[in-house]
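I have placed the structure first, in the form of structure tokens, so that the comments after it can refer back to it.
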């Protein structure tokens, strides 16, 4: 395939370099701002091109030498970019979202530097991969585009070392037992593997076809010292909501333990996993710094409720995921945080009811995405301050836009929960305008 020479003008929200070929915008994976590269074009559409770097002709000072295992990771990570240069790039993503979607002059805002991570590799306590047959054996990995397959070895720099070790051990066991990958036509075989790291050790979860997984296989996996829990779920549906079919415990522990702010919490197999606990808890510190001890808090999309239960404040927390809400309630009762009220509900409907009854001092929106109904309730209730936090920059910008006629921005920062990826967790505080 013909390669094209291109000068990179800037970087996009997914970490790709952006330039122009014959006046058409081109997204080039693995390229950095200011570089001149030779790129192979993988996709040619009417309005844009996308491709990947074949050779760097003029190197940016931000570029770092790549490791032996990095040959396939450019489209998926920022490992080719110096970590300290990633932080201003991520700060720019937050500023760009505010500038694009709102009326606020971002240059007039005091946007704080992105809070850096002490650990920039091997920080993920969770990994999930499809199980596929490749080059004569079962492997764990994921497709990137049409032609590139990323294996566990290609992705090793993000997951914790113990997860990498156990994935390779399990992969070997599956091949020794001649296990098969999932075949949709007969709905049999192994589909996915998930590994989660907790205080006690590792929890391994398989998603399988209707034939499940052989007992002799899971018995051998259970002999691995670090593995303390094994589950599986039979799921032959074409989409990936694996929780809908339920999980069966094969071996070991049921609820696992996660420690946050010196407090232990029990987490069930269906609840979402915190991938980078260290930075997640630093994010909690930033959120806590933006509220006062006497504030009564309304928290939306509260998840496991770990941040809410770390506060001394009275908190009403709304959640739409029943599994996370169930964990939050059980943990609240166990640690006796009885001034925390958790409710499973349709948040759009419940916030209308709550905001008609009282005005909360602060509304905190996890995920940073508010609907028109939520925005209307906040505005009509005259909530003094709103805190948005999330890593979807478009959703964040649109949420600020919904509030901008009644609120102004008083705080903007970012937390690098996902080092060496294009993701950044933004935190924005808005206060109600004085009339």
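Glycine residues also receive a Cβ, built from the backbone N, Cα and C atoms like all the rest.
Keep in mind it's a predicted model, so treat the numbers as computed, not measured.
The feature domain 'TRAM' is assigned by TrEMBL to 1-55.
A coil conformation is recorded for residue 301 (S-adenosyl-L-methionine binding site) in the three-state DSSP classification, outside any helix or strand. Look at TrEMBL and you will find 301, 319 tagged as S-adenosyl-L-methionine binding site.
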Count the Cβ atoms, other than its own, that fall within 10 Å of the Cβ of residue 319 (S-adenosyl-L-methionine binding site), considering every protein chain shown.
25
Compile a sequence-ordered list of residues in the same chain as residue 301 (S-adenosyl-L-methionine binding site), six or more apart from it, whose Cβ lies below 8 A from its Cβ; state 'none' when nothing qualifies.
318, 319, 320, 347, 365, 366, 367
Mind checking how the domain 'TRAM' (1-55) divides into helix, strand and coil residues in DSSP?
0 helix, 35 strand, 20 coil
